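Novice: Mind looking over this structure? Questions follow.
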Amino acid sequence: MSEKIRILDDITINKIAAGEVVERPASIVKELVENSIDAGASRITIEIESGGKSLIKIIDNGHGIPSSEVSKCFLRHATSKIDAVEDLFKLNTLGFRGEALASISAVSKLEMTTKYKDESIGTNIYLNGGKVVSKEAVGTNTGTIILIKDIFFNTPARKKFLKSDHSETITVSDTVNKLAIGYPNIKFKYINNGKIMLDTPGDGIQNNAIRCVYGREISSNLINIDYKCNLFSVDGFIGNNNIFRSNRNLQHIYINGRFVKSKIILDAISEAYKSIIPINKHAICFINIYVDPAKLDVNIHPAKLEVKFEKEREIYIELREYLKAKLLKNNLIAKYETYNDKIDLRENKSSISHNSSFIGEKTKSEKEHAKNKSFNENKREFKELEPINLSANVSSFTKFEDINSFSSVNSDNKNSYISEDSCEYSKSKQLEIESVKIKNNDLYKNDEENRETAFSLDNYKVCGTVFDTYIILQRDDSMYLMDQHAAHERILFEKYMNSFRKKSIPIQILLDPIILELSNVDMSLVEKNISVFSYFGFDVEIFGLNHILIRGVPNLFGIPQSEKFIIEIIDNINDISGSYDLKYDRFATMACKSAIKANYRIKNIEISALFKQLESCENPYTCPHGRPIMVELTKSEIEKMFKRII
């Protein structure tokens, strides 16, 4: 290496710049399809071969490029979308940097055929490694066709980092899926090695696009959202408690039409779903957020996947609270569904194959319901177990009836139960829900104000208990199982949380105060934030150089737990959200330990009290850790088990 400073030639500059924009075939597809969207296309076809490494072809019916401008497209920082830096803050297009075509052509063999809407003849141009080889007038339809072959053919060091054809295909497919869902008004067709993988209707209905991409299971478990405030407006769909994933791949966030990965938005979603879905799981959502471009910075990275908001904290809080409220307005009782081979197999193919023909299709059970005939039932006599005779004076539960109980059916296998103390949960197909106190309900007056189905147990009939753990209920054509531990855990948790919010946590004064020795760093934090401890229910004072004296602790905790909690507060004292997580998790654990356990035979009067308190809960559907309180099993599902419905 010479110490002499050189000015690089344009070809070298373009190849270096291409590394920022052209990472792999999927990034090429993204840039070119976004150009098609900016051109006003209503139909876009994407075709790839060998994962996009050997061929990428994009066809659109947009307004095309004027013949006089075609050569300029491949110059660095040449764009029709902005004139000056001020335009960055009033963008209404996906592209603006003028780098994509220059970078792509620098590392591939590129051919483009285009015709502008106001011209009678089109233009064909061919480039090899960024150099124009030919340019001529041709007859073609309005729009643009771009054909790219052999990416990184002239940069072998980059080419060797490409993954297998299969891996690159998956990444391209994911990119196309996100674009198709973000723009349901555009008809997308995606072809891989000659096979149609996706064909959306382009009817402007986002849920139809979602179904084409991810299938019926996802699209049928979505909640529509639509909300406006001074900071932003939002619409789209969020998943209910019946669907979730182990990663964030199905969290689609679009800001002003641009798919992005925003930590602020993702954190707001995670907080909104806290305990609504199981721990370490992620919600499914397709959210379109619209923000004043002047209050948004998209010029952070060439890939344009990151954005910055002017008022990040305010947007985070507003979105989090709206999503929480919206989720709680829906009936989130978990549902049990039997496996349907034909439906599942067809729908599971939807993420990689043409699936639009299934839109609006009735389920098999709906079509055949009228044909089902019952078979003669053999009468069996069961041993009569302990009956549940609910008190007549419990006016809130007038529909309860005396009926034989199954409460004595016990299991010898204690290990089959989830440990309440450890809060470990089975990997059940059923999903769960929770939510936290909404601080300002007036925020949502423009939305549906009340829960779509207010939670009430008035019309439920108690049929008994089973395994001394689950209460059996019936309403209409459904049977329900209620987990007595999860229900009581939810009740206790909300009681603790309400005391915390009201700053009325009862304090237990210690006869023998606790003295804790801290480091000088921790001591400085405590001195600066001494009032924080009273917020959590502690009576703490400074005691000497590096010691604190704990005179009172929350009566919810024992002394050993209080000492641990104090240390955790100090560790998180500079992070308000961390402190929130801290007390949430602590109260959830305390509720779990204090609630009635599995294998405890609950009395009739206790069932009545449990129901009455559960009805008043903000979230009566799950325990704080995300396990369902109730699971619904419909009559039709039971009939499927007995082959009454085939």
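Counting begins at 1 with the first residue displayed.
Here the Cβ of each residue, glycine as well, is placed from N, Cα and C on the backbone.
Sequence annotations record features per position, and here TrEMBL assigns compositional bias 'Basic and acidic residues' to 361-376. What TrEMBL lists as domain 'DNA mismatch repair protein S5' is 210-328. Feature annotation from TrEMBL assigns domain 'MutL C-terminal dimerisation' to 462-602. For 356-376, the entry in TrEMBL reads region 'Disordered'.
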Novice: As a quick check of your reading of DSSP, tell me how many residues in the domain 'MutL C-terminal dimerisation' (462-602) are helical, how many are strand and how many are coil.
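Specialist: Across the domain 'MutL C-terminal dimerisation' (462-602), the residues distribute as 65 helix, 40 strand, 36 coil.
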Novice: Determine the mean pLDDT over the domain 'DNA mismatch repair protein S5' (210-328), rounding to the nearest whole number.
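Specialist: PLDDT averaged over the stretch: 90.
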Novice: Taking helix as H, G and I and strand as E and B in DSSP, count the residues of the domain 'DNA mismatch repair protein S5' (210-328) in helix, strand and coil.
Specialist: 39 helix, 36 strand, 44 coil
